[in-house]
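Single-structure report; data block below.
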């Protein structure tokens with residue numbers, strides 16, 4: 001117990017010093033408010049806006065990473081399995097992909113909401129009243145229930161949402177695992193709110209709703225007692241992520257679980273039955289591009305296989321389990337019975353894991369730089385950098401898979417970045433950072449030029 005005690009004391013000491021520094025710098029209040037937003041513990045007067053709404057979700061990434069570290073510390077001290085680097089970085093990569101999509105679309109999916117509100121609203125609610133804030137919170141959560149339910153019950157929407165369910169783990173990193181097009185899958189379900197709720201309130205609570213849902217992706221929290229009846233909790237959400245028959249199409253709520261209780265989609269966690277996480281038919285891959293797109297290809301294949309237009313449309317708009325002659329959502333007798341199974345894993349040497357972690361951090365840094373400048377950049381330039389970021393994350397995933405062509409793509413990626421660093425001008429970026437990145441990518445490129453996949457001698461499980 002002494003090493004654990006020493007570890008706990010060290011971690012506590014670090015956080016005490018951090019809080020002391022934050023207090024001296026006057027940032028503690030903002031830190032506490034940011035922490036509260038993760039749990040929807042918010043003062044309405046601090047988050048009521050007339051015009052511009054802050055990007056609370058993007059600003060919450062430091063909290064995401066802090067929570068992931070704390071979760072793994074708790075699991076480690078409890079002698080439970082912790083973060084798998086390959087699966088964890090894949091989940092974080094999908095989160096970056098979604099953020100890249102937001103840089104490209106620039107909130108275009110919200111334009112319809114603003115148009116409806118400005119031209120067709122039937123109720124005039126004051127933007128600066130607390131009652132409007134609370135009404136928006138409940139309204140957004142109610143609509144989210146139907147968004148989420150549709151993403152499971154409409155095949156073409158499931159093609160995007162399945163990305164979130166594709167991990168065989170259930171941890172906080174999975175909370176960030178999203179599709180590039182997820183925002184476009186459900187915006188239409190929020191439009192009825194536009195007849196009354198001001199757009200700033202809608203955009204604010206849409207972010208808070210998603211922030212709340214992050215922390216419920218964990219096995220470290222068992223139960224929250226009486227709160228379980230009203231709120232969505234880790235216990236309820238574990239059921240939702242299960243591939244077991246009894247878990248499918250259950251517990252769609254975002255913040256409140258009462259919607260599931262009302263509409264008959266609630267299921268309790270079973271204490272004596274292991275939940276199997278992931279898709280019913282899992283994809284053995286860490287390639288984010290494949291995981292983002294493979295199911296859309298499957299839906300199109302199903303569309304082509306049908307013999308009449310009625311069935312072709314059903315293959316797109318009915319549930320994933322639908323078969324001709326069956327109800328819209330299929331029947332349990334036709335569904336594959338998932339049992340505990342071995343997780344997809346690829347064992348890499350330590351040096352390779354370190355390499356991939358370092359390069360992932362560089363990609364994150366590059367994304368942060370792009371996100372801070374994208375509004376003043378040419379859209380074509382933003383798109384080019386987004387493509388490079390997604391290609392980089394794909395290359396990292398291929399290396400985690402030990403794909404035969406992974407080192408060729410990684411070599412090409414390194415060459416492209418070295419060329420970009422030499423040819424392009426990066427204003428306001430520290431020159432030391434640029435020189436360090438260039439040196440690292442030159443050495444990395446030389447390494448992959450000299451290596452082949454066989455040298456890695458990776459054992460696949």
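Cβ atoms here come from the backbone N, Cα and C positions, even for glycine.
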350-368, 407-425 - the range that TrEMBL marks as transmembrane segment:
350-368
Could you check which of 42-59, 60-77, 78-95 is flagged in TrEMBL as transmembrane segment?
60-77
Determine which recorded stretch among 60-77, 350-368, 380-400 has the most C-beta pairs below 8 angstroms with the transmembrane segment (433-450).
350-368
Residues of the same chain, at least six outside the transmembrane segment (380-400), with any C-beta under 8 angstroms of its C-beta?
86, 89-90, 93, 96-97, 100, 103-104, 285-289, 346, 348, 352, 356, 359-360, 363, 366-367, 370, 374, 406-407, 409-410, 413, 416-417, 420
Would you mind splitting the domain 'Fatty acid hydroxylase' (134-265) into helix, strand and coil residue counts from DSSP?
88 helix, 3 strand, 41 coil
Chain residues in Cβ proximity to the transmembrane segment (60-77) (below 8 Å; excluding those fewer than six residues from its ends, i.e. six or more beyond):
4, 7-8, 11, 34-35, 37-38, 83, 88, 95, 171-173, 175-176, 211, 214-215, 218-220
